[in-house]
Every structure is written in structure tokens, then in C-alpha cells.
């Protein structure tokens, strides 16, 4: 708990240094902590954690997927060159997502701080302006659109988990049927069925003992775990965006209410 409270003291000191010298640092910081936008703060922590998981694990998982396809499912470069370009494209998209969400979360957190009673007590009587209400409503629309779009990303991130889950089932069966090689050779995983490779790719699939050796590699287990972590990160980010949606909606109501009553609130 100390690790979360200490940065808030730093923020309070930066924004309220002049007031601290007048009424005392302890009282000022306690008043500042009472006006912290906790909903926006929790959403920011969730968003940072989710994006870090999704982008970091997703980037490495895509790299390991390309290595697995190249090593075990395709012999000709032309068979997986399209997949390699797609993976590279998604990795560049991940860089952009990480940068965008970092900046956007900071902006939403700042917007939450300046619609609390702490900001009003520092800068004097609060006055709601048309520009402020327009900006707050813009945040509501943008966050809602981002939440809907990220819901699609969340669903899309489940696809590689589904693929590796289906691949893990025959791997587990092979471990059980090690004493009957004839049955093992009938167990296959075809990457072409999932659109990862064209239908004329050779071999395009791994069967029997080849599949067993793939399942026992460190790259396979690590890639599977990375995709699960990226899927969890996408879910955490979606939860953060929904929290932001509620927070920005409340902040918009605060702007209208404070403009009439001059009363501070927290969100």
C-alpha cells in the first residue's frame, strides 16, 4: 500500500506546493489524497498492466510462432513469406498501440485529477465552461469507441490460444499412446487448416513422432504461455477501458454539477 500512496504524495507536492507552505504539508497532502481520482487511477494501473502484457507477450509470441512454422511446418520460404510479413506488420501495430495507450491513459488520468475537489480548492472557485464540457464529452465518446474496438481485439487474441489448445490435445494424447506407434502416426496438426499456410505448403502439418518432438520443445511451450498471457492482457485492458468509460461519464456529470453548485467530487 505504501508503494501506491507515496507517488500520490509526490503528485500532491508538485500540484499544491504553494498551498503546502501556507497550511502545512501534512494537512495539504491529506486533503490532496482525499481528492485523488481513484477510479481513473485504478483504470490507469489496469491499462498499463494489460497493455504491457498484451504488447510484450504478443510481440514475442509472434516471433516464436514464425520460428515454429519455419522449422516444423514449411520447407520453402515462399510457403510462409506471407505469414512472415503479416507477423511483422502486427509487431509494428503493437509498437503503436503501446505508445498510444500510454499517452491516452495519462490524459484520462489528468482529466480525472482536474475534475476533483483538489483542483477546485487549489485554483479557486470552479467554473464549468463549454470547452470543458465538450472536452469531457469527447473523452466519453473516444473511450467508448476504443472499448468497442478493443473488444474485437480481445476476441481476435483468443484465436492463437484456440490454435495452440487444439494442438495441445494431440500432444497430450501422444504422451499416452507412446506404446502404440501406429496410433501415434494418425495424430496430426495441420497448420494449413487454420490459414497459417497455403494449401500447397509442404509438409504443412506435423504428425506422429514429429508432432511429439514439437510439443516437447521449449519454443512451443513458451509460445503457448505467451499467447495466454497476451490474451489475459487484452482482457485486463478491456476492463480498464470500461472503467474509464464509467469514470469519464461521471466526470462529465461532475462538470455540469460543479458549474451550478460549485461543489467538488471525486472519481
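Here, residue 1 is simply the first one shown, and the rest follow in order.
Positions of Cβ are set from backbone N, Cα and C atoms, glycine also.
Note on TrEMBL: of 69-91, 92-114, the range annotated with the feature transmembrane segment is 92-114. Note on TrEMBL: of 6-26, 174-194, the range annotated with the feature transmembrane segment is 6-26.
Among the listed stretches 38-62, 92-114, 135-159, the one sharing the most Cβ pairs under 8 Å with the transmembrane segment (226-246) is 38-62.
Beyond its flanks by at least six residues, the transmembrane segment (92-114) meets 11, 15, 36-37, 39-41, 43-44, 47-48, 51-52, 54-55, 58-59, 135-136, 139, 143, 146, 237, 240, 244, 247-248, 251, 267 of its own chain at Cβ-Cβ distances under 8 Å.
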